[in-house]
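Have a look at the structure below before the remarks.
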Amino acid sequence: MEVDEAAVEKVVETAATEVVKKVEAYLNGRPSADERETRLRNRLSTLRDALIELKGAVAAPKKTYVEALEKTEEVVEEAIETGLKWNNMPWIEKWFGGPEYDDLFARIDSKVTESIDALQFGVIVNINAAVTGRGSEHPPNSELRSWLRPVEFGADVESYEARYVEGTRTWFFDSIKTWSRDFEATLCRAAVADAGFGKTAIMSHLVKMMDDRVLAVFLCRHNDPTKRDPRHMITTLAWQMAQKLESFRLILERARETEGTPDAVSISTDARVLADRLIFQPLSEVASELRDRASDGQGRYVILIDALDEAEHNSKNALLELVARDFAKLPSRCVCLLVTARREVDIRKKLAPLYPDYLNAEKYAAQCADDVRKFLRHALAPFLEGNELATAVSTLAAKANGSFLYLQYARESIERGDVDFNAYPVGLAGVYENELRRVFGEDGLGDANSKTRRVLDTIVAAEVLLHVTDDLPALSGVGEGDVVEIVHGLAQFLPVTDNNRITFYHKSFVDWLIGDGCDRTFDNSKFKVDATTAHRRLAAACAWSLVPFLRERTDRLESDMHAIDALRRTTSIADEGQQLATAPCGYALRWIVIHLLKAGLEDAALATLCSLGLIFERAAEPDTLISDAALLPRAALVRDALVLARNGVREAGTLWLAEELWQRLAPHAGACDFAVRLARDARKMARSALMYSAREAYFTPAGSALRCVLEGHSGRVKGMTAFVDEHGASRLASCSDDGVVRVWDPVAGGDALRVLEGHSDRVVGVTAFVDADGAPRLASCSVDGTVRVWDPVAGGDALRVLEGHLGEVKGVTAFVDADSAPRLVSCSYDRTVRVWDPVAGGDALRILEGHSRLVTGVTAFVDADGAPRLASCSYDGTVRVWDPVAGSDAPRVFKGHSGGVIGVTAFVDADDAPRLASYSYDETVRVWDPVAGGDALRVLEGHSGYVNSVTAIVDADGPPRLASCSDDGTVRVWDPFAGGDALRVLEGHSRCVKGVTAFVDADGAPRLASCSLDNTVRVWDPVAGGDALRVFEGHSGYVNGVKAFVDADGTRRLASCSDDRTVHVWDPVAGGDALRVLEGHSNRVKGVTAFVDADGAPRLASCSWDRTVRVWDPVAGGDALCVLEGHSRYVNGVRAFVDADGTRRLASCSDDGTVRVWDPVAGGDAPRVLEGHSNRVKGVTAFVDADGAPRLASCSWDRTVRVWDPVAGGDALRVLEGHSGYVTGVTAFVDADGAPRLASCSDDGTVRVWDSVAGGDAPRVLEGHSNRVKGVTAFVDADGAPRLASCSWDRTVRVWDPVAGGDAPRVLEGHSHYVNGVTAFVDADGAPRLASYSDDGTVRVWAPVAGGGD
């Protein structure tokens, strides 16, 4: 690749300068408040200096495209890490105590992150141009077509347009032209009429007549999955728009390059996300161009969607729902939407969000009758004239009853020479029955097992279009020759497509066959298709395909055998001697559950769904599995397990599916035989797999607290609310630092239903309310100083933007005024509370003032006399109660919190008395009586971090409860009347939990939803839902390391090291003061290890920032036995090991980037110096390779782990990469199969497990800590299984299964400050124990199996 180095250099430098300017402008824009502010600015200058270094990134010679980007990213990341470190430094809490400074840090971080995102995007785009010396070239349309894979409608439109008779339907076309040219007219027009009206022919002629204005067209078809799939509709419309608009095409070309997916449908399983990416966002970008074109007198562009009713499948019309909810986002002044559908009440109800203008055929009855006569005169003119023509027209018009489908039949009959009009049947029903009698005779379709009936049953009941020779013979059990003959006989009503698939002449023919929605003049019992029987036939055909498939599996799983028995019973519906049909395997896997259910065979459907073998075969499409399970009430637990496992399957395929299923099902399978069998089989499969160990559960069980995880926000989630949509379904809305509000289905999970965009900065709060007309609405507040009102059903732009606050808006809630009018109330950093009218918009109705500092939260409640009231809270430490109607000063001011109050919520007591709950930086929740006033009724304590949100819920047994969330990563459920400890502690988030809300599940069960800085929303069941054994105190500084060893008499001992420059020896069983205090280091002691001397005596080795390693006798005490010197910078870790010849050795690591090997007995210089790390080495461990050779592993701030040969020396044998932050610790252990493994921990908050021999990527990434992980150790559980323990600045120790992976089964909490290290040892009774040390100056001993507890 030719690189214009000067251009690259200029681009990077310009972008870097822009970042620096943005950060400096933000800092300089803040008024200097006091000395603390000045000190803060001095510390922040470090960040500015680090960013300025970015300019120097372009100075290196021979810089390539990739190198420029990598250097840019590296320097930026270093700057961000520098900034983040300040928030973790103890002096921040001391110097800058106060929530406003915490918020300032968050805002600085946000501004820098925004700048980085902009910089990286700009660098990528502009450097690409610099590298090639030109802008990007757009590939030919063929590549875009291959990516979008549109459904082709050219032949369909041409075929239907050929049926149009010139001069008819002019009233319709005139109406459409007038509507499309009126810029103030409705966005949507819906043409609603009965079957046979000719809607598709009209739409097809409209395409021809308004070719320059028809932007795109989609024809829905009930029996073609691609023509009823909303995602295929989106890609098809996008493709057609790209052919009309060059600017639109260019945007899609960029999207194709950016998304990097094999096809557009792969962008998301959610059609709404796809619509935003491929239609609405691109259209918004070209809207000005379209408006200019629309003003040329020809009017708005039109999108045509025909036969919306035909998109229904399995009682659901996803395509119609997408159109109704999302197409309001179309730019209505330049694009409009024309849809057609049959006259069905449900269609009107679902289209309501678009407020369509209905073009009803009944209104144009006279014109329609005239069109019928015009059509007949045109068709009959070649054959008749005069009175004969008039009589024929009158006769056929009466029989047609306005149906152009009937007229088309009449025209085709006339062209065949059949002019006996009196013999023509009456209406469409007569046509269908007449034609079937003509083909099959008076006996009709024959008995239940006749070939004709079996073929027609199969065609009608099939879930997809069937291939005449590939599918239909197999599914019907009828020979290929007979099938071809039968299909040929029905060709008038069963036309065959170009790719040899059978379709229907019209949906009304299917309705007539199954007796649904079509009037009959004659008895058609001999031609009727029994839908239940038809589905039984197909279920049997699928069963005959799947039974052999399951029998051939080698694992002989119990759930598979049960499914085989159920399926064999299903096949018994076939009579003896009947030729058995066998479905193609792909069809059978996908559709058997649906056919079994429609056939009324629920038990068989459940057994089939819960077959592990079939689940694995269908795992590539987990959404279809989940949708099938949702149709079976008894499969609720299995459905929950599949929902929870879906994200893992999407990321890793079936690699962990068995492990996930058994762990999620086993705890609550109970009396559900299907779930029990499935769980047992999954466990059996997991245990038999090479990489699995199925001993203890680490995945969250289905049916327990966690219901689903909603992912999609690209920034921290800051708030959430629950509401009910227009169909009564529960919904969640969340807001985030990414500036958007997302609407979710908390029951089904999956991608966001709506993404509401418009705020120009972080969105920090969202609430739900009901509009004056009963429609659900959302209101969000943002750092941009505005409140926005949204329609969560239709989506689109904000309905209202409420402006007036002079600072960031921190909260918003809704209430009903005394006149029952909806109102919003917001609070802000400008120290005010404002009341708004969300319907009329405009200025605030009331401005409530009184707080002396930032107002952080507000809630509404009803007083004892029924009057609306507001409660607000502030950093001034108070809660104030207001009258939002009268305004004026607050009649109640509640004091008691010792820190700023973050938020307040209202709930009703058991006696229906109003109550308030406030939460604060003092880590408590307080319950108040807003009427009587006075001190807090209850103080709820237990969180170990700031409490960020509180919500009220009703427990299953009726009493009200409170749920709170905190920076400690937990959600806690409380009894606000009895007080005391939390009833439930819900753990699972990996970072601070910023919001919690309550809602009711579809079955009426209470649920909680929490949102976190880990970018996820988690749904919990609040109903279902250990302390340290010893605490050693004595160090006067931070404890940096702890090691277990055995004394000379076999007694267990611990050794700890500290910033107080000492090593302490402890008795972990008896506790008490230190047995020995070893002194000699002249600087902080950062690590300690134990080993046995040549004569068997125990020894300790410690390392220090005085650049030495010292060897000690922990029994006799006294001075160091030897001092090992050689490192040129701080020594961070030391480890003992045995050389190949049995000699004891020590290995130390240092900020000088080296690992040194020492003789701890002889002393002297290091015989080996291992070099290779490019940054500080922070840890070293020893282990034995698979062939018995000693090895060392070191970890470094260069984000790598390196494996060394301490005997031969030389370069690293392995370099293990994957961590995104500094690697702070490494340990070795032996896997369940005896293979050596390494585990490393990092500032990226993860623990990674590595194969020390093969190298490569980490097979396990253990996530759960909400802050940097500073140490990791290995131990063996009571059952002999390997375990890891990690410690973190989130103040916890977590225990992990390094083989199975998953969440930490034990979280040990008790330290009050950062936990910096952990070690494992065995108690006197052989029980495993852990010892951790912390910046709180203590060492704590834990029981890792029981999870704590004395």
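Yeah, the Cβs are placed from backbone N, Cα and C, and that goes for glycine too.
For 167-342, the entry in TrEMBL reads domain 'Nephrocystin 3-like N-terminal'. Among the features that TrEMBL reports, repeat 'WD' is placed at 710-745, 756-791, 802-837, 848-883, 894-929, 940-975, 1032-1067, 1078-1113, 1124-1159, 1216-1251, 1262-1297, 1308-1342 (among others).
Helix, strand and coil content of the repeat 'WD' (894-929), in residues and according to DSSP, is 0 helix, 22 strand, 14 coil. Within the model, the domain 'Nephrocystin 3-like N-terminal' (167-342) carries an average pLDDT of 85. Only pairs six or more apart in sequence are counted, and the repeat 'WD' (1262-1297) with the repeat 'WD' (1124-1159) gives fewer than three Cβ pairs under 8 Å, not enough to call it a contact. Nonlocal intrachain contacts for the repeat 'WD' (1216-1251), taken as residues 6+ away from its ends with a CB within less than 8 angstroms of a stretch CB, comprise 81, 693, 990, 1178-1186, 1191, 1193-1197, 1199-1203, 1257-1263, 1265-1274, 1281-1282, 1284, 1286, 1288, 1296, 1298-1299, 1301, 1317. A Cβ distance under 8 Å defines the sequence-distant neighbours of the repeat 'WD' (1124-1159), meaning residues of its chain 6+ beyond its ends; these are 1083, 1086-1094, 1101-1105, 1107-1111, 1165-1171, 1173-1183, 1189-1190, 1192, 1194, 1196, 1204, 1206-1207. Taken through DSSP, the repeat 'WD' (1216-1251) splits into 0 helix, 23 strand, 13 coil. In the repeat 'WD' (756-791), the DSSP tally of helix, strand and coil residues is 0 helix, 22 strand, 14 coil. Remark: secondary structure over the repeat 'WD' (1308-1342) totals 0 helix, 22 strand, 13 coil, with classes taken from DSSP.
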